[in-house]
Amino acid sequence: MPANRLPDMVLSGLEPLVVNDTTGFVNVGERSNVTGSKKFARLIQEENYEEAVDVARAQVEDGAQIIDVNMDDAMLDGVAAMKRYLNLLASEPDVARVPFMIDSSKWEIIEAGLKCVQGKAIVNSISLKEGEEAFIKQARRIKMYGAAVVVMAFDEKGQADTYERRIEICQRSYDILVNRVHFPAQDIVFDPNIFPVATGIPEHDNYCLDFFRATKWIKDNLPGAKVSGGLSNVSFSFRGNNTVREAMHSVFLYHAIQHGMDMAIVNAGMLTIYDDIPKDLLEHIEDVILNRRSDAAERLVEFAESVKGLTATEKDTDKLKWRELDLQSRITHALVKGITEYIEEDTEEARQKADKPIEVIEGPLMEGMNVVGDLFGAGKMFLPQVVKSARVMKKAVAYLLPYIEEEKRLSGTESENNGVVIMATVKGDVHDIGKNIVGVVLSCNNYEVIDLGVMVPSEDILDAAEKHNADIIGLSGLITPSLDEMVTVAQMMQKRGMTQPLLIGGATTSKVHTAVKIEPQYESPVVHVLDASKSVPVVSSLLSGGRDHFVNALLNEYQDVREANARKRGKKAFSSLELARENAFVPDWDNYKPVKPTFLGKKVFRDYPLEEIRERFDWTPFFKTWELHGKYPRILSDDTVGEEATKLYNDALAMLDEIIANKSLRCDGVIGFYPAAGIERDVTELYADDDRTEVIAHLNHLRQQAERPAGRAYRSLADFVAPKTSTAQDYMGAFVVSCLGAEELAKSYEANHDDYNAILVKALADRFAEAFAEVLHERVRKEFWGYARDEHLDNDALIAEKYQGIRPAPGYPACPEHSEKATLFELLDAENETGARLTDSFAMMPASSVSGWYFAHPEARYFGLGKIDKDQVEDYAERKGWDLETAERWLRPTLGYDE
């Protein structure tokens, strides 16, 4: 062997498999994978291992040279399943002759496989996503077992999706493995990430070329290293069309092998011979794979239908009857039905007939959107349909924009709209789904909407309003500190002498707060807008000739609200804080034996299986996001909204499938358990260990104070932890979970003028976060803390919270003061462990995040704090080290007195 040449990679089952330049391409069979094969998953779940072995045998017979085995299913004992299956394969010589690829995202499953596999296996996979320490530790264990390793192009920042990121991560991983772990270079296989193409998102068009370039770079610059990948990802956009998928796989492999790819995970029995692919299909696919033309994706999608055969739409000719209508009727139909397929064609026809391109927007498009607006206003269309209509409108406008800009350049004129609306989520707040929906609805009604995004400082909002000559300013916020920020904006508008109406919206806002706190700060109209359906009539009234009548009625209404609120406050009676504490809820601590958690400290969950989280979705809030009111699943059969709710639900399910398959979103979380005891003044102490000498946190709770009948307790979360003076040695838990990637995915849809899917992504991310919190809470009760090991509840019962223990979140009714999140985040090192972080107002970023405390006592219950009196505010300020003004600012929504 020449001195500068590394040894060949040699894997083995009962027979050796040499992988080098002369071996040729290596097929890794993909069907023994519970995440990629429904049939195999069913066989394993039914414990039909005999037939499951036949799945592997069939792959070997079809030409697989390595068998990939994956047991990552939330309903499986993955360790036991991996051991059992590999041991069975070992007893089948016709299968065991090939090496095995042990495929899992869970280290314990990988190690279980390594312990029982014969020959030299290959591990799939490890990466830098959890940092160098974990990467090195796993690599050393793999080296100890004598296995080869697949390394994903994934680091602490996320998955590599560009050429530069791919080579950066692969270089770094290689250097660590070769120089620090002393891992044999020839046993390193890089997976530089195969992503779907022809998705309709322009940013995805270069995915294949970037993979090919990265493959060549790896082979040229990382001596000995091999390249692999999961082939089925590339054709994900054409699931259900096997003819196109098989051809795409063959085309991709042909070019990847030319660039040096050594192996790929494939269904060996479903590969078309490259030269046998029909020339017209080959041309369309290579246009996509090689990104040879800008319309390649659209052309392949269209061509794929002819290969697949007639679609349901084509078979049902009645569905295309509308294409025989006149131009205006076709445009209106497309807008009402949300059909984007023909809108550019019809828009061009309208442009040819118009004197100016802007007339297409002002004429046929706005006429169609007026129909949408009328139907929405009459309750005959619902919000999801309107957002789909906006998608059609945006596509038409995007088509016309170059013509309009040219017309402006030549004539020096500007187009007209119904008004300019500046919208923003205020400083410190990150929630924007509702704001985005309002923006879409207003855009549909020919208002120019300038959305400044989230966490926007007051000065920036007002500067933008002046720069764009805004007619209206709209503010949004979800967390209670945002209410103060809205007051600040109103005050600043008054100081600047501005006159634009100010709209207030968001879950935490109310007509009462708007009337009492915001409206008095600003002389021009301030309007609380309940939801998106009210936005158009409110804006229209403010910008029309009927403004004076609308504003006068509003002022009278808000005056009535203020007077009613004053009367209500005058009648509100409070007990002293001392009396409230004397009448606290007191469990029977003498006869209570707290359960000790199975560990103390924190436990981190990264990239938690989305399939498992999905099963715990509470769908009712999802429909409320879209202003479809009703409880799931009854809403699907509702006489009024059932049809549209079902369409929305089906769209959500399809997107969930795509998110999970592409790993577009990621759920990370951290939980922790700590010895705890209650001390005086509604404070809970947390300790470092069971010695209970080192205090690591003080949790400051609030207590109900509104006057109660004799015998009724004044509750506080402090009541649910055993006091330090009792014999009970109690514990508390904490958690933070986050769904990552939604913002980026939504932006990719927005870039394609697709607000519907952008909003859908964010709504689903919220569901993932909430469901993840529910999944972990169940595991806490049954496994990690273990105080309810015999719990057996279905999802409806879980949603109804029919379990022992609670997980209240700072900012919610039992503990409405947000700054306690800082203690929680510091305790768990949540920013480093989950990627979630706190804003200045203690909102969590990303918005799809949930945090809270775990209480285990059987009598722990959720409750609303209600209003509190000044003596408790002063006490809380002293405990927190604040002055009274600061305490009143953070507790303002709960204050039972006028400041």
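Quick reminder: no glycine exception, Cβ is built from N, Cα and C everywhere.
What TrEMBL annotates here:
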type	residues	note
DOMAIN	25-290	domain 'Pterin-binding'
DOMAIN	318-412	domain 'B12-binding N-terminal'
BINDING	Glu362, Gly428, Asp429, Val430, His431, Asp432, Ser476, Thr480, Ala532	methylcob(III)alamin binding site
DOMAIN	418-553	domain 'B12-binding'
DOMAIN	568-899	domain 'AdoMet activation'
BINDING	Asp618, Arg807, Tyr862, Phe863	S-adenosyl-L-methionine binding site
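On the structure: features taken from TrEMBL.
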| residue | record | contacts (Cβ under 8 Å, 6+ apart) |
| --- | --- | --- |
| Asp429 | methylcob(III)alamin binding site | Val454, Met455, Ser476, Gly477, Leu478, Ile479, Pro481, Ser482, Glu485, Gly506, Thr839, Ser841, Ala843 |
| His431 | methylcob(III)alamin binding site | Thr425, Val454, Ser476, Gly477, Leu478, Ile479, Gly506, Ala507, Ala843, Ala847 |
| Asp618 | S-adenosyl-L-methionine binding site | Tyr632, Arg767, Glu770, Ala771, Glu774, Ile799 |
| Arg807 | S-adenosyl-L-methionine binding site | Phe735, Ala773, His777, Gly852, Trp853, Tyr854, Phe855 |
| Tyr862 | S-adenosyl-L-methionine binding site | Glu801, Ile806, Pro808, Pro813, Ala814 |
| Phe863 | S-adenosyl-L-methionine binding site | Gln704, Arg715, Pro813, Ala814 |
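Those residues noted as binding S-adenosyl-L-methionine (Asp618, Arg807, Tyr862, Phe863) have their most widely separated CA atoms at a distance of 21 Å.
Secondary structure counts, DSSP: the domain 'B12-binding' (418-553) has 66 helix, 24 strand, 46 coil. Under DSSP, residues within the domain 'B12-binding N-terminal' (318-412) fall into helix, strand and coil as 78 helix, 0 strand, 17 coil. Ranking the binding-site residues Glu362, Ser476, Ala532 by how many Cβ atoms sit within 10 Å of each one's Cβ puts Ser476 at the top.
Model confidence over the domain 'B12-binding N-terminal' (318-412) is summarised by a mean pLDDT of 84.
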